[in-house]
Amino acid sequence: MQRYISLSVSLSLLSGANALVRPDGVGRLPALGWNTWNAFGCDIDASKVLTAAEETINLGLKDAGYEYINIDDCWSVKSGRDPNTKRIIPDSAKFPDGISGVASKIHDLGLKVGIYSSAGTETCAGYPASLGYEKIDAESFAEWGIDYLKYDNCGVPTNWTDTYTHCVPDNSNGSKFPNGTCPDISNPAPTAYDWSSSNTAQRYNAMRDALLGVNRTILYSLCEWGQADVNTWGNGTGNSWRTTGDITPDWSRIVEIANENSFLMNYADFWGYPDPDMLEVGNGNLTLEENRAHFALWAAMKSPLIIGTALDSINEEHLAILKNKPLLSFHQDPVIGRPAYPYKWGYNPDWTFDPAHPAEYWSGPSSTLGGTLVLMFNSEDSAKHRTAVWSEIPELKDSAEKGSGYRVTDIWTGEDLGCVKDQYDVELQSHDIAALVVGESC
């Protein structure tokens, strides 16, 4: 039986000790950007990518900190590589000026550009991938002006699969994970097994080394779905690493991923961040409250915030969520790298692994907000009250005594809620989240 890592693990496991440190601070803070996949899937071309870049500026997203415009799967010729150079060939029907032409135009807008490949023989959509061609592809990416690589885990040949299976309690791997354990896992690793020696780690390290060998700094985003206990080696390999299978614009999937990622927060710090996948804000049939909770949790966890909706048709409410200044300020804190942590589960007893009801109470220190970030989440299907008790919040409990008051600000409205004594109670609609800055004592 294998158990998912919890926040109670030793702080010696925190990211940073063996981090992949890049020039100019690239990857020190979690990435902010946009990606084609959740909006368009394989139906991409230069026009859609450039429209997203232009809208990133027009909508004020660049000013809010979003900087990467990322091209996901399906950008190349599907039939194979150039027979002479062995390079991947951009699809000229989709990208008439090549990837370099698009990259140049994006750079002219003051933004950065990302590309996609996989640590296998083909991508998830069946296009040429980079296993065995890492050096050639890294050189191509650098020559084209690429700033970000999302590196997936599809097309892995049998000789590159892992000897053992790691516990990833995600619905993409089954449905029976009692409190985050994997009792039915096939071929579990020995207790002392070093996953950094696994084939998965070696496949991802090969591209890391190739990227480090080119004359361009390229942020490296691992998309290995939480496999091979990536949390124990991902920080030395890439700037972020996926912790689960793919997200979808379904509330049940969003809270499932939030639950899984919440147990991995001790691995997040400067230069390395567990990645619960790209944002679905603005997609599907999510309610306003669900969009808000999704974004607030991802920002509080200091996950990469990669927008995945069509920006030329986004509505004002969704745009306002993506541009929320206090949450982005917490997310991009230059002094404090650690994310918010759950301090109370609320609906469940503490430390309960529940795909439908993640931890509901979160807090985190901030050098930018003038106080502590506090989230209260209603995971239930009807309106409920939630109460933040100052003496329960780790950042406040040493100074909070009965009758203690703090200046409180509502992050969503910007409203100064005044001097609040002892606790703050709020009624939340189904799947909504309260976000507060708890500031100076009063």
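Along the chain as shown, the residues are counted starting at 1.
Note: Cβ is positioned from N, Cα and C throughout, glycine not excepted.
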Which of Cys74, Cys124 is the other half of the disulfide bond that Swiss-Prot records for Cys42?
Cys74
Identify which of Cys124, Cys223, Cys419 is listed by Swiss-Prot as the disulfide partner of Cys154.
Cys124
Tell me the Cβ contacts of Cys42 (disulfide bond) under 8 Å, same chain only and six or more apart in sequence, or just say none.
Asp73, Cys74, Ala125
Using the alpha carbons only, what distance in Å do you get between Asn235 (N-linked glycosylation site) and Cys124 (disulfide bond) once rounded?
24
Show, in sequence order, which residues other than Glu224, Trp225, Gly226, Gln227, Ala228 on the same chain lie with their Cβ within 8 Å of the centre of the Cβ atoms of the substrate site.
Asn153, His166, Val168, Thr200, Val230, Trp241, Arg242
Taking Cα atoms as reference points, which of the recorded positions Asp152, Trp225, Gly226 is nearest to Cys124 (disulfide bond)?
Asp152
Of the recorded positions listed here (Cys154, Asn159, Asn179, Asn215, Trp225), which is spatially closest to Asn285 (N-linked glycosylation site) when Cα positions are compared?
Trp225
Per 10 Å Cβ neighbour count, which of the recorded positions Cys124, Cys154, Ala228 ranks highest?
Ala228
